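Peer 1: Have a look at the structure that comes next, please.
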Amino acid sequence: MVTATTTKTNDRPPWMNPPSPLIRAVKAVVIVLIVITMLYPLVYVIAMSFASPEQARAGVVFPTEYSLDAYRAIFNGGTVLQGLRNSLFITVVGTVLSLAATSMLAWGLVRTRQVPGAKFVLILVLATMFFSAGIIPNFMLIKYLGLLDSTWSLIIPGLISAFNMIVIRNFFQGLPGELIEAARIDGAGEWRIFLRIVLPLSKPVLAVMGLFYAVGYWNTYFNALLYINDSEKWPIQVVLQQYVLAGVAIPGAVVSPDQPPPPGVTLQMAVIVLATVPILLVYPFLQRYFTSGVLTGAIKG
Amino acid sequence: MSVNIAETGPGTRVERASGPPAPGKKRTLSLRQRIWRERWSYTFIIPGAAFFLVFMYAPMAGNVVAFQDYSPFRGVEGSPWVGFANFTAIFNDPEIVTALRNTLIIAFLQLAFAFPAPIALALLLHSLLSEKVKRLVQTIVYLPNFLSWVIVISVWQQVVGGGGLVAGILDGFGMPGFDLMTDAENFKFLVVAQNIWKDAGWGTIIFFAAIAGIPSERYEAAAIDGASGWQRTWHVTLPALVPVATLLLILNIGSILTVGFEQLLLQQPMVGADAAQVLDTFVYFRGVLGGQWGIATAAGLLKGVIGTVLVLAANKFAKKMGGEGIF
């Protein structure tokens, strides 16, 4: 039954009856509740990190007077800044190395039929998605390699994720074969083909995987707890855990010597915000690719 | 020199450039010749393969300390072998009983509530007619997945913890002392709620892919046959989600003994070990912090083996029931 009445939403297919107002209202309420649950805690934390000391101490649902004191105090303290610097290093260096290593392996494993042994390596890699050696054997390995208390212990063990490798390999398999074939006939070597043809054509998948790796490195927590004793080398997540969850006072967090330090709550909120902001910054770029099918195609395959 | 062609997809390899007799001729190449012909390919494969051998497979050998009275000071060579003593010690350890019970309760609650949550959310969002609203809500619900557990728990602490947002509001209504984060009794539900908050949104992405694969003619035909909106969801959308859900369920069953390690480790100080000790945190506290390396490794190894057996069993079961397995 096709109704002639025009509705606000033009996405409704012609065979579908207009939904009843009651169901629409219920759906709207549920959706709004979900959005509030997801978003309000984050908005609240960001807002409170800018709250004036008086309002922060009183505790309000949403601050109306603002102050930058918490951030000033944190930047004076230095510990949090050091954590941010460490995390930035791990994230940038780790992401670049991970992308290089993952795409190299993925390209090497595309032609499993022609390359003897490639199939075996592929199975070896895939199998790692279903087991892990466990906390203590991993710890022993890092210790054996002399990487304890080194920033590299947070980068090297996670260099290639089997899942990401499969996603990139899937994308490589979908590249136009004729182009690569033509280059081979022209005598281009594997490396030349990889660097000049394959990588430039694979920007979308490299962008998504790069951002996945970056988020992973930025969020590194447990490995740092396990491998890094020296607090100078802690990434921001460990710093955050110490000052916000374990309740340790942030050393030197004062605005100026003649002023009382900002309330602990705003300091904590500000550290949370600083640890979250990089994720919020890359999120819009990441988000573009979610619907592009790069990921979901790989999951199915 | 023979020229070979990149595979364009599984089973669709075109063999043109190497000339007419290619298929027969190819097989006559000896293995050594084939390896030599592909020598440059190995420069791509070997570094990555070496990485997986060193960082994924070599640590497996470290599990031998489960059969030793190991100490890092003596090393693997110097530590005495004790056979299955560590395993017997585990089964007589009251703490591991607590850890196992907590693990199983949390895993069960996750399966009951956190597993269906993305399916329900995907169906709800799918039923929205406006593409714009759908896109916007998706963007919002995906976000928490990208935050670390440290951030998530810090944020929750500020909202439902002592002195947090909700506590402040309740205080205003004359109900002081609200603090969900240190409530050991309801901790397991808190864990599941946090999981849903963080991951349910992102979990919808795979179900959306499955929904997008449903031909619209199917809905149309159902509508013409007089199926209501609910009936279309029940008879058209849901069956299309079954294969994906089965696959995820198999993977979930394999990780049933692995419940949110960082999440629980971070919150254990707030609620105590009785409520928050799970197998993974037991391994960490006993082994790395407590120095009982052998016992902790044995517990970790046991957990790993059980997990692998469960995946294989679940996979077999899914196949037997007429569904698709993962391998």
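A Cβ is built for glycine as well, from the same backbone N, Cα and C atoms used for every other residue.
Keep in mind it's a predicted model, so treat the numbers as computed, not measured.
Reproduced below are the annotations present in TrEMBL:
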type: DOMAIN; residues: A:84-284; note: domain 'ABC transmembrane type-1'
type: TRANSMEM; residues: A:25-47; note: transmembrane segment
type: TRANSMEM; residues: A:88-109; note: transmembrane segment
type: TRANSMEM; residues: A:121-142; note: transmembrane segment
type: TRANSMEM; residues: A:154-172; note: transmembrane segment
type: TRANSMEM; residues: A:193-214; note: transmembrane segment
type: TRANSMEM; residues: A:267-286; note: transmembrane segment
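Each of these features: where is it, how hidden is it, and who are its neighbours?
Peer 2: Listed by sequence, the residues of this chain that lie at least six past the ends of the transmembrane segment (A:25-47) yet keep a Cβ under 8 A from its Cβ atoms are 62-63, 269, 272-273, 276.
For the transmembrane segment (A:154-172), the residues of the chain that approach it from at least six positions outside its boundaries are 90, 93-94, 97-98, 101-103, 105-107, 109-110, 125-126, 128-129, 138, 141-142, 147, 198, 202, 204-206, 208-209, 212-213, 216-217, 220, 223-224, 227-228, 235, 294-295, 297-298, 301, judged by C-beta separation under 8 angstroms.
Long-range contacts of the transmembrane segment (A:193-214) within its own chain (CB-CB distance under 8 A, at least 6 residues past either end) are made by residues 91, 94-95, 98-99, 102-104, 107, 161, 164, 167-168, 171-172, 175, 179-180, 183-184, 282, 285-286, 289, 292, 294-295.
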